[in-house]
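Taken from Swiss-Prot, the feature NADP(+) binding site covers Arg46, and the record attributes it to sequence analysis. Annotation comment: Swiss-Prot describes Arg122, Ser123, Ser124, Asn238, Ala239, Gly278, Lys293, Pro294, Thr295, Pro296, Ser297, Arg319 as FMN binding site, evidence class sequence analysis.
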Amino acid sequence: MNIFGTRLKFTSFGESHGVAVGCIIDGMPAGVKFDEEFLQNELDKRKGGSKFATPRKESDKAQVLSGVFEGYTTGHPIAIVVFNENAHSKDYDNLKDLFRPAHADFTYFYKYAIRDHRGGGRSSARESVARVAGGAVAAMLLREFGICVQSGVFGVGTFVSNLKEEEFDFEFAKKSEIFCLDPKLESDFKNEILNARNSKDSVGAAVFTKVSGMLVGLGEVLYDKLDSKLAHALMGINAVKAVEIGEGINASKMRGSCNNDALKDGKFLSNHSGGILGGISNGENLILKTYFKPTPSIFAKQESIDKFGNNLEFELKGRHDPCVGVRGSVVASAMVRLVLADCLLLNTSANLNNLKNAYGLK
(Lines of atoms letter the chains of each structure in order from A and count residues from 1; the text may use other names and numbers.)
(Lines give C-alpha, C1' and ligand atoms only; values in the text may rest on other atoms or scores of the structure.)
Protein backbone atom coordinates (compact mmCIF):
# COMPACT_ATOMS: atom_id res chain seq x y z
CA MET A 1 0.00 0.00 0.00
CA ASN A 2 1.02 3.60 -0.52
CA ILE A 3 -0.95 5.02 2.43
CA PHE A 4 0.47 5.23 5.96
CA GLY A 5 -1.18 6.34 9.21
CA THR A 6 -4.57 6.24 10.91
CA ARG A 7 -5.70 9.77 11.82
CA LEU A 8 -2.90 11.51 9.97
CA LYS A 9 -2.85 9.76 6.62
CA PHE A 10 0.25 10.06 4.45
CA THR A 11 0.14 8.96 0.81
CA SER A 12 3.18 9.02 -1.46
CA PHE A 13 3.18 8.87 -5.25
CA GLY A 14 5.60 8.94 -8.17
CA GLU A 15 8.55 7.00 -9.57
CA SER A 16 12.27 7.62 -9.84
CA HIS A 17 12.13 8.52 -13.54
CA GLY A 18 8.50 9.60 -13.74
CA VAL A 19 7.26 13.17 -14.05
CA ALA A 20 7.28 13.85 -10.32
CA VAL A 21 7.21 12.46 -6.79
CA GLY A 22 5.06 13.82 -4.02
CA CYS A 23 2.66 13.24 -1.18
CA ILE A 24 -0.74 14.02 0.25
CA ILE A 25 -1.13 14.54 4.00
CA ASP A 26 -4.73 14.21 5.14
CA GLY A 27 -5.88 14.81 8.71
CA MET A 28 -3.59 17.68 9.68
CA PRO A 29 -5.52 20.00 12.02
CA ALA A 30 -6.34 23.50 10.84
CA GLY A 31 -4.35 26.39 12.27
CA VAL A 32 -0.86 24.85 12.31
CA LYS A 33 1.75 27.36 11.19
CA PHE A 34 3.13 26.12 7.87
CA ASP A 35 6.90 26.60 7.61
CA GLU A 36 7.72 26.34 3.92
CA GLU A 37 11.38 27.22 4.54
CA PHE A 38 11.71 24.29 6.95
CA LEU A 39 10.06 21.98 4.40
CA GLN A 40 12.57 23.01 1.74
CA ASN A 41 15.52 22.72 4.13
CA GLU A 42 14.56 19.13 4.95
CA LEU A 43 14.35 18.26 1.25
CA ASP A 44 17.72 19.92 0.66
CA LYS A 45 19.30 17.78 3.41
CA ARG A 46 18.09 14.65 1.60
CA LYS A 47 19.44 15.73 -1.80
CA GLY A 48 22.32 13.95 -3.51
CA GLY A 49 25.09 15.53 -5.53
CA SER A 50 28.08 15.12 -3.19
CA LYS A 51 30.85 12.54 -3.54
CA PHE A 52 29.28 10.62 -0.64
CA ALA A 53 25.90 10.29 -2.35
CA THR A 54 24.38 9.82 -5.78
CA PRO A 55 25.71 12.25 -8.41
CA ARG A 56 22.12 12.79 -9.56
CA LYS A 57 21.44 16.49 -9.02
CA GLU A 58 17.85 17.57 -8.58
CA SER A 59 16.62 20.95 -7.36
CA ASP A 60 13.92 19.19 -5.30
CA LYS A 61 11.90 22.39 -5.05
CA ALA A 62 8.64 21.67 -3.26
CA GLN A 63 5.38 23.00 -4.63
CA VAL A 64 2.55 23.10 -2.10
CA LEU A 65 -0.65 22.66 -4.09
CA SER A 66 -3.32 22.67 -1.40
CA GLY A 67 -4.19 22.64 2.28
CA VAL A 68 -2.40 25.88 3.22
CA PHE A 69 -3.83 29.40 3.28
CA GLU A 70 -2.07 32.57 4.42
CA GLY A 71 0.66 30.56 6.13
CA TYR A 72 -1.54 28.15 8.10
CA THR A 73 -2.99 24.70 7.48
CA THR A 74 -6.68 24.68 6.56
CA GLY A 75 -7.57 21.21 7.86
CA HIS A 76 -7.91 19.92 4.31
CA PRO A 77 -5.50 17.62 2.41
CA ILE A 78 -2.02 19.08 1.95
CA ALA A 79 -0.61 18.13 -1.46
CA ILE A 80 3.10 18.57 -2.16
CA VAL A 81 4.81 17.80 -5.46
CA VAL A 82 8.49 17.74 -6.46
CA PHE A 83 9.19 17.44 -10.18
CA ASN A 84 11.97 15.18 -11.48
CA GLU A 85 14.37 17.21 -13.60
CA ASN A 86 17.50 15.11 -14.04
CA ALA A 87 16.57 11.50 -14.83
CA HIS A 88 18.89 9.66 -17.24
CA SER A 89 16.57 6.85 -18.27
CA LYS A 90 18.81 5.63 -21.11
CA ASP A 91 21.29 4.39 -18.50
CA TYR A 92 18.76 1.64 -17.74
CA ASP A 93 17.99 0.44 -21.27
CA ASN A 94 20.11 -2.68 -20.80
CA LEU A 95 18.16 -3.58 -17.63
CA LYS A 96 14.70 -3.79 -19.15
CA ASP A 97 14.52 -7.57 -18.87
CA LEU A 98 17.26 -8.08 -16.25
CA PHE A 99 16.80 -8.68 -12.53
CA ARG A 100 19.39 -6.71 -10.57
CA PRO A 101 20.66 -8.62 -7.50
CA ALA A 102 19.27 -7.40 -4.13
CA HIS A 103 16.86 -5.03 -5.87
CA ALA A 104 13.06 -5.31 -6.01
CA ASP A 105 13.17 -6.13 -9.74
CA PHE A 106 12.57 -9.87 -9.30
CA THR A 107 9.77 -9.60 -6.74
CA TYR A 108 8.01 -6.64 -8.40
CA PHE A 109 7.92 -8.47 -11.72
CA TYR A 110 6.54 -11.71 -10.29
CA LYS A 111 3.94 -9.90 -8.18
CA TYR A 112 2.69 -7.32 -10.69
CA ALA A 113 3.79 -8.86 -14.03
CA ILE A 114 5.06 -5.41 -14.97
CA ARG A 115 7.78 -3.15 -13.60
CA ASP A 116 9.36 0.21 -14.30
CA HIS A 117 13.02 -0.64 -14.91
CA ARG A 118 14.10 3.02 -15.01
CA GLY A 119 15.89 3.61 -11.74
CA GLY A 120 13.77 1.08 -9.89
CA GLY A 121 10.48 2.98 -10.12
CA ARG A 122 8.73 3.01 -6.75
CA SER A 123 11.49 0.98 -5.10
CA SER A 124 14.05 3.73 -5.72
CA ALA A 125 15.43 5.92 -2.94
CA ARG A 126 13.94 8.77 -4.98
CA GLU A 127 10.57 7.87 -3.42
CA SER A 128 11.92 9.08 -0.08
CA VAL A 129 11.49 12.68 -1.27
CA ALA A 130 7.79 12.23 -0.51
CA ARG A 131 8.50 10.80 2.93
CA VAL A 132 10.77 13.70 3.85
CA ALA A 133 8.16 16.21 2.70
CA GLY A 134 5.45 14.49 4.72
CA GLY A 135 7.70 14.22 7.75
CA ALA A 136 8.47 17.93 7.57
CA VAL A 137 4.75 18.72 7.71
CA ALA A 138 4.34 16.36 10.68
CA ALA A 139 7.23 18.16 12.42
CA MET A 140 5.27 21.42 12.22
CA LEU A 141 2.58 19.83 14.40
CA LEU A 142 5.11 18.26 16.79
CA ARG A 143 6.72 21.68 17.34
CA GLU A 144 3.50 22.85 18.96
CA PHE A 145 4.07 20.22 21.67
CA GLY A 146 7.83 20.71 22.05
CA ILE A 147 8.69 17.35 20.48
CA CYS A 148 11.99 17.27 18.58
CA VAL A 149 13.19 14.41 16.34
CA GLN A 150 16.90 14.18 15.40
CA SER A 151 18.86 11.54 13.49
CA GLY A 152 22.45 10.94 12.46
CA VAL A 153 24.90 8.25 11.37
CA PHE A 154 26.79 6.32 14.07
CA GLY A 155 28.19 3.53 11.92
CA VAL A 156 29.44 2.95 8.37
CA GLY A 157 30.52 -0.55 7.41
CA THR A 158 32.71 -2.00 10.16
CA PHE A 159 33.34 1.42 11.71
CA VAL A 160 30.88 1.93 14.57
CA SER A 161 30.99 4.65 17.22
CA ASN A 162 31.56 3.50 20.80
CA LEU A 163 30.22 6.75 22.25
CA LYS A 164 27.37 6.52 24.72
CA GLU A 165 24.06 7.57 23.23
CA GLU A 166 23.96 10.76 25.31
CA GLU A 167 27.39 11.68 23.90
CA PHE A 168 26.30 11.68 20.24
CA ASP A 169 26.90 15.16 18.81
CA PHE A 170 23.81 16.26 16.91
CA GLU A 171 25.17 19.78 16.44
CA PHE A 172 28.21 18.31 14.67
CA ALA A 173 25.94 16.05 12.61
CA LYS A 174 24.03 19.08 11.32
CA LYS A 175 27.25 20.40 9.74
CA SER A 176 28.64 17.04 8.63
CA GLU A 177 28.31 16.05 4.95
CA ILE A 178 27.40 12.56 6.10
CA PHE A 179 25.41 13.49 9.25
CA CYS A 180 28.09 11.87 11.42
CA LEU A 181 27.34 11.80 15.17
CA ASP A 182 30.91 11.08 16.28
CA PRO A 183 33.43 13.79 15.25
CA LYS A 184 36.37 11.43 15.80
CA LEU A 185 35.02 8.91 13.30
CA GLU A 186 33.87 11.22 10.52
CA SER A 187 37.06 10.78 8.47
CA ASP A 188 36.89 6.98 8.88
CA PHE A 189 33.25 6.99 7.77
CA LYS A 190 34.04 9.14 4.76
CA ASN A 191 37.03 7.02 3.75
CA GLU A 192 34.96 3.84 4.05
CA ILE A 193 32.32 5.30 1.73
CA LEU A 194 34.88 6.55 -0.79
CA ASN A 195 36.81 3.26 -0.70
CA ALA A 196 33.59 1.40 -1.48
CA ARG A 197 32.78 3.79 -4.33
CA ASN A 198 36.31 3.56 -5.78
CA SER A 199 36.06 -0.24 -5.64
CA LYS A 200 32.81 -0.12 -7.66
CA ASP A 201 31.05 -1.28 -4.50
CA SER A 202 28.81 0.05 -1.72
CA VAL A 203 28.61 -0.08 2.07
CA GLY A 204 25.92 -0.19 4.76
CA ALA A 205 25.27 2.23 7.61
CA ALA A 206 23.67 2.55 11.04
CA VAL A 207 21.44 5.49 11.98
CA PHE A 208 20.57 6.72 15.48
CA THR A 209 17.37 8.65 16.17
CA LYS A 210 16.54 10.51 19.38
CA VAL A 211 13.18 12.08 20.17
CA SER A 212 13.25 14.62 23.01
CA GLY A 213 10.39 16.51 24.62
CA MET A 214 8.24 13.38 24.59
CA LEU A 215 4.84 13.29 26.24
CA VAL A 216 3.47 10.40 28.30
CA GLY A 217 0.71 8.38 26.66
CA LEU A 218 1.45 8.14 22.93
CA GLY A 219 0.77 4.72 21.45
CA GLU A 220 -1.77 1.96 21.99
CA VAL A 221 -1.78 -1.50 23.55
CA LEU A 222 -1.11 -4.78 21.77
CA TYR A 223 -1.25 -4.46 17.97
CA ASP A 224 -0.83 -0.69 17.66
CA LYS A 225 1.99 -0.25 20.16
CA LEU A 226 4.16 2.81 19.64
CA ASP A 227 7.19 0.56 19.16
CA SER A 228 5.26 -1.50 16.59
CA LYS A 229 4.29 1.63 14.66
CA LEU A 230 7.84 2.98 14.73
CA ALA A 231 9.34 -0.33 13.60
CA HIS A 232 6.71 -0.54 10.83
CA ALA A 233 7.54 2.98 9.66
CA LEU A 234 11.30 2.53 9.69
CA MET A 235 11.29 -0.96 8.16
CA GLY A 236 9.20 0.49 5.33
CA ILE A 237 12.13 2.64 4.22
CA ASN A 238 13.90 1.12 1.22
CA ALA A 239 17.16 -0.66 2.20
CA VAL A 240 16.36 -0.89 5.95
CA LYS A 241 16.99 -4.40 7.31
CA ALA A 242 16.76 -3.98 11.09
CA VAL A 243 15.44 -1.63 13.78
CA GLU A 244 16.25 -1.49 17.49
CA ILE A 245 14.35 0.39 20.19
CA GLY A 246 16.04 1.18 23.49
CA GLU A 247 18.54 -1.56 24.34
CA GLY A 248 17.20 -3.61 21.44
CA ILE A 249 19.24 -6.77 20.92
CA ASN A 250 21.33 -6.02 24.00
CA ALA A 251 18.24 -6.49 26.19
CA SER A 252 18.28 -10.20 25.31
CA LYS A 253 21.73 -10.44 26.92
CA MET A 254 20.77 -8.63 30.14
CA ARG A 255 19.11 -9.60 33.40
CA GLY A 256 15.90 -7.96 34.52
CA SER A 257 17.64 -6.32 37.46
CA CYS A 258 19.81 -4.43 34.98
CA ASN A 259 17.31 -3.85 32.17
CA ASN A 260 14.48 -2.56 34.38
CA ASP A 261 14.23 1.24 34.52
CA ALA A 262 13.81 2.06 38.21
CA LEU A 263 11.85 5.11 39.37
CA LYS A 264 12.68 7.50 42.20
CA ASP A 265 11.10 10.82 43.16
CA GLY A 266 8.83 10.63 40.13
CA LYS A 267 11.69 10.12 37.65
CA PHE A 268 13.15 7.21 35.72
CA LEU A 269 16.75 6.48 36.71
CA SER A 270 17.62 4.92 33.34
CA ASN A 271 16.13 4.49 29.87
CA HIS A 272 16.84 0.95 28.75
CA SER A 273 13.29 0.76 27.40
CA GLY A 274 13.97 3.57 24.93
CA GLY A 275 11.05 5.65 26.18
CA ILE A 276 8.29 3.07 25.65
CA LEU A 277 6.58 0.77 28.17
CA GLY A 278 3.67 -1.48 27.25
CA GLY A 279 3.57 0.08 23.81
CA ILE A 280 2.99 3.57 25.25
CA SER A 281 5.47 6.43 25.63
CA ASN A 282 6.62 7.10 29.21
CA GLY A 283 7.93 10.64 28.67
CA GLU A 284 11.60 9.69 28.37
CA ASN A 285 13.55 10.24 25.15
CA LEU A 286 12.69 7.80 22.39
CA ILE A 287 15.83 5.92 21.35
CA LEU A 288 15.93 4.13 17.98
CA LYS A 289 18.58 2.57 15.77
CA THR A 290 17.98 1.82 12.10
CA TYR A 291 20.29 -0.37 10.01
CA PHE A 292 20.64 0.08 6.25
CA LYS A 293 22.05 -2.57 3.93
CA PRO A 294 24.65 -1.61 1.29
CA THR A 295 23.15 0.05 -1.77
CA PRO A 296 22.27 -2.80 -4.18
CA SER A 297 23.36 -0.76 -7.21
CA ILE A 298 27.09 -1.32 -7.59
CA PHE A 299 29.34 -0.98 -10.63
CA ALA A 300 31.28 -4.21 -10.21
CA LYS A 301 30.53 -7.05 -12.63
CA GLN A 302 27.62 -9.20 -11.38
CA GLU A 303 25.67 -12.31 -12.32
CA SER A 304 21.90 -12.60 -12.62
CA ILE A 305 19.10 -13.83 -14.87
CA ASP A 306 16.60 -12.11 -17.11
CA LYS A 307 12.82 -12.61 -17.11
CA PHE A 308 13.24 -15.40 -19.65
CA GLY A 309 15.50 -17.37 -17.29
CA ASN A 310 18.76 -16.75 -19.18
CA ASN A 311 21.97 -16.49 -17.15
CA LEU A 312 23.68 -13.14 -17.68
CA GLU A 313 26.76 -11.23 -16.61
CA PHE A 314 26.38 -7.46 -16.52
CA GLU A 315 27.73 -4.14 -15.27
CA LEU A 316 25.48 -1.32 -14.13
CA LYS A 317 25.47 2.22 -15.44
CA GLY A 318 23.67 5.17 -13.89
CA ARG A 319 24.15 7.24 -10.74
CA HIS A 320 23.89 5.60 -7.35
CA ASP A 321 24.63 6.17 -3.66
CA PRO A 322 27.74 4.37 -2.38
CA CYS A 323 26.06 4.42 1.06
CA VAL A 324 22.30 4.91 1.01
CA GLY A 325 22.17 4.97 4.81
CA VAL A 326 23.71 8.44 4.93
CA ARG A 327 20.72 10.14 3.31
CA GLY A 328 18.55 7.54 4.99
CA SER A 329 19.10 9.33 8.30
CA VAL A 330 16.95 12.22 7.02
CA VAL A 331 14.26 9.76 5.95
CA ALA A 332 14.33 8.02 9.35
CA SER A 333 13.52 11.30 11.11
CA ALA A 334 10.67 11.92 8.67
CA MET A 335 9.01 8.56 9.31
CA VAL A 336 9.31 8.90 13.09
CA ARG A 337 7.67 12.34 12.87
CA LEU A 338 4.75 10.94 10.89
CA VAL A 339 4.17 8.23 13.49
CA LEU A 340 4.29 10.61 16.44
CA ALA A 341 1.99 13.18 14.82
CA ASP A 342 -0.51 10.41 14.08
CA CYS A 343 -0.36 9.20 17.69
CA LEU A 344 -0.91 12.72 19.01
CA LEU A 345 -4.11 13.02 17.01
CA LEU A 346 -5.31 9.56 18.03
CA ASN A 347 -4.98 10.54 21.68
CA THR A 348 -7.83 13.05 21.44
CA SER A 349 -10.23 10.11 21.73
CA ALA A 350 -8.17 7.88 24.04
CA ASN A 351 -10.46 8.57 27.01
CA LEU A 352 -13.61 10.53 27.85
CA ASN A 353 -11.78 13.49 29.38
CA ASN A 354 -9.61 13.92 26.29
CA LEU A 355 -12.69 13.82 24.08
CA LYS A 356 -14.57 16.35 26.22
CA ASN A 357 -11.54 18.64 26.29
CA ALA A 358 -11.50 18.61 22.49
CA TYR A 359 -14.97 20.19 22.62
CA GLY A 360 -14.28 22.51 25.54
CA LEU A 361 -16.46 20.47 27.91
CA LYS A 362 -15.72 19.43 31.47
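Every residue, even glycine, has its Cβ placed from backbone N, Cα and C.
Structure with Swiss-Prot features highlighted.
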residue : record               : CB count, 10 Å
Arg46   : NADP(+) binding site : 23
Arg122  : FMN binding site     : 19
Ser124  : FMN binding site     : 23
Ala239  : FMN binding site     : 23
Lys293  : FMN binding site     : 17
Thr295  : FMN binding site     : 25
Ser297  : FMN binding site     : 23
Integer Å distance between the CA atoms belonging to Arg46 (NADP(+) binding site) and Ser297 (FMN binding site): 19
Distance from the residue listed as 'NADP(+) binding site' back to Ser124 (FMN binding site), taken between C-alpha atoms, in Å: 14
Integer Cα-Cα distance in angstrom, Thr295 (FMN binding site) to Arg46 (NADP(+) binding site): 16
Maximum Cα-Cα separation in Å among residues Arg122, Ser123, Ser124, Asn238, Ala239, Gly278, Lys293, Pro294, Thr295, Pro296, Ser297, Arg319, which the record lists as binding FMN: 44
Inter-residue C-alpha distance, the residue listed as 'NADP(+) binding site' and Arg122 (FMN binding site) (nearest angstrom): 17
